[in-house]
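A.B. asks: Got a structure here, written out as C-alpha cells. Questions coming.
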Amino acid sequence: MERSVTAGKWLAYCRLMRIDKPIGSLLLLWPTLWALWLAGGGAPAPWTLFVFVAGVFLMRAAGCVINDYADRHFDGHVKRTASRPLPSGEVSEQSAKILFVVLVLLAFGLVLTLNKMTIWLSVAGLVLAWVYPFMKRVSHLPQFVLGAAFGWSIPMAYAAVSESLPATCWMMFLAYICWTVAYDTQYAMVDRDDDLKIGVKSTAILFGRFDNIIIGLLQFSMLALLLALGNITGLGIPYTISLLVAAGMFIYQQILTAGRERDACFKAFHNNKYAGMAIFIGVLFGL
C-alpha cells in the first residue's frame with residue numbers, strides 16, 4: 001500500500017513536469033540544435049551539446065511546473081487540464097514550488113560550466129520563463145513571451161559556441177518566435193471556448209476568425225527568415241529542401257485547423273515537432 005502511494009506520487013510529479021508528453025521538449029530542442037550547429041559551422045563540443053540537451057529537458061520541465069502553478073486556480077475549470085496534478089490535489093502548491101527551484105538549480109549548475117556570456121544570458125532566460133505563465137492574466141499576447149522564453153536557448157547556444165551574437169542569431173530567434181506564436185495559437189485554439197469562460201487571454205482569442213490566416217502569415221515569416229539566414233550562412237540545397245518540407249507540413253496544418261475542431265487543432269500542434277526535425281536535418285546536410 002505504502003509503495004503504491006509513493007509510486008502514485010512520483011507519477012504525479014512526472015505528469016506535472018510533462019515527462020509523459022515530450023512534445024514541448026522537442027519543440028524547444030530542435031531550434032536549440034539548429035543554433036548549436038550553425039553557430040560553430042558543425043557539431044558542437046560533446047559537453048556543450050550535453051549541457052544544452054539536458055538543459056532543454058530540465059527547463060521545459062521547470063516551465064511546465066511554474067505554468068501549472070500559475071494556472072492552478074483556472075485549470076480545474078478547463079476540460080483538458082482539470083486532471084492535472086495541482087488542480088486535482090495530487091501535488092501540493094509547496095511541493096510544486098520546491099520542484100521548480102530544484103529543476104532551475106540543476107539547469108543553472110550545468111550552465112555554470114560554460115562561459116560567462118552564456119551564464120548571464122541564462123539569467124535573462126529564467127526571467128522570461130518565470131514571466132510567461134502570468135502574462136495570460138494581463139495580455140492576449142502570452143505566446144510572444146513564450147516564443148522569447150523558449151527561443152532564448154538560441155542566443156545562449158551562439159554565446160556558448162562562438163561567444164558572439166551575430167545578426168544570424170537574432171534572425172533565427174525572430175523566426176522561432178514567429179513559429180512559436182503560430183503553433184501555440186493552434187494549441188490555444190483547443191481551449192478557446194473554456195478560456196473565454198474563465199477570462200484567460202491568448203492569441204487564439206485575440207485573432208478570432210482570422211486565426212488561421214495569421215498563423216499562416218507567421219509560418220511564412222518564419223520560413224522567409226530561415227531562408228534568408230540560409231543564404232547568408234551559405235547553407236546548401238538540402239537546407240532549402242528541408243524548408244520546403246516544413247512548408248508542406250504547415251499547409252497540412254492549415255487543412256487540419258480549417259474546421260477549428262479541438263482534436264484537429266491539437267493534431268496540427270503536434271505536427272510541428274516534425275517540421276522542426278526536418279529543418280535540423282536540412283542544417284546537418286546543408287553545412
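Keep in mind that glycine also has a Cβ here, set from the backbone N, Cα and C atoms.
From a predicted model like this one, the values you see are computed outputs, not experimental measurements.
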A.B. asks: From the ranges 46-66, 235-255, grab the one Swiss-Prot calls transmembrane segment.
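C.D. replies: Checked against Swiss-Prot: transmembrane segment maps to 235-255.
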A.B. asks: Quick test of the contact rule: Cβ under 8 Å, at least six residues beyond the ends. What residues does that give for the transmembrane segment (235-255)?
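C.D. replies: For the transmembrane segment (235-255), the sequence-distant neighbours (Cβ-Cβ under 8 Å, at least 6 residues beyond its ends) are 186, 212, 215-216, 219, 223, 226-227, 229, 268, 271-272, 274-275, 278-283, 285-287.
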